[in-house]
Amino acid sequence: NFKLVIVGDGGTGKTTFVKRHLTGEFEKKYEPTIGVEVHPLDFFTNCGKIRFYCWDTAGQEKFGGLRDGYYIHGQCAIIMFDVTARLTYKNVPTWHRDLCRVCENIPIVLCGNKVDVKNRQVKAKQVTFHRKKNLQYYEISAKSNYNFEKPFLYLARKLAGDPNLHFVESPALAPPEVQIDLAAQQQHEAELAAAASQPLPDDDDDAFD
């Protein structure tokens, strides 16, 4: 069992993402002391069951930062931004700093959500923060279930210390609410891979000029 904290600006799709996992949604518990919903997300691996206790902020981040109680004892994390809203990516370093102040040296996945939406403001090749901080990055679409399992598989492998760990069955997910243009998305992922071999820009802002 691992405590997984999910952070990022309000409206980036954190709650939508967590709710895709149907048994976790069914068994969630509200923790009134810190105002979070905790979803137990089970994944079945070749090494047995792994449960992530997923802490969802329930929108408190709209009123400023999150209290330390949210982060304490976090064993892994997802930082989420919305590829259709540039500001949510610009705020990723702040979320990362807040997280690392309380949780040192935990595996972190950066997720760019809503890649099903046509007019992206944050292009795949503009996402460089994960390279500076040695995080894993995935493009996801919560509403279409695209890449839903990827962040959890990465974190499970890191936490288990086993790069060969794999899921042996898929969790029950809510049916897709939107369709994703897979050909276009594969093009974005190819751009992302190509960008990874380029030197990092000196300044984050120049990617958006």
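Cβ atoms are placed via backbone N, Cα and C, with glycine included.
If you look up Swiss-Prot, you'll see 1-162 marked as domain 'Small GTPase Ran-type'. Marked as GTP binding site by Swiss-Prot: 9-16, GLY59, 113-116, 141-143. What Swiss-Prot lists as region 'Switch-I' is 28-36. The region 'Switch-II' feature in Swiss-Prot is assigned to 59-75; the stated evidence is sequence analysis. As annotated by Swiss-Prot, region 'Disordered' applies to 187-209. Among the features that Swiss-Prot reports, compositional bias 'Low complexity' is placed at 187-200.
Per-class residue totals from DSSP over the compositional bias 'Low complexity' (187-200), listed helix then strand then coil: 10 helix, 0 strand, 4 coil. Long-range C-beta contacts of LYS114 (GTP binding site), restricted to its own chain and to partners at least six residues apart, with a cutoff below 8 Å, comprise THR12, GLY13, ASP82, VAL83, THR84, SER141, ALA142, LYS143. Other C-beta atoms found within 10 angstroms of the C-beta of ASP9 (GTP binding site) number 21, with every protein chain shown included. The Cβ of ASP116 (GTP binding site) has SER141, LYS143, SER144, TYR146, VAL178, GLN179, ILE180, ASP181 as same-chain neighbours under 8 Å, each 6 or more residues away in sequence.
Fewest Cβ neighbours within 10 Å among the binding-site residues GLY11, GLY13: that distinction goes to GLY11.
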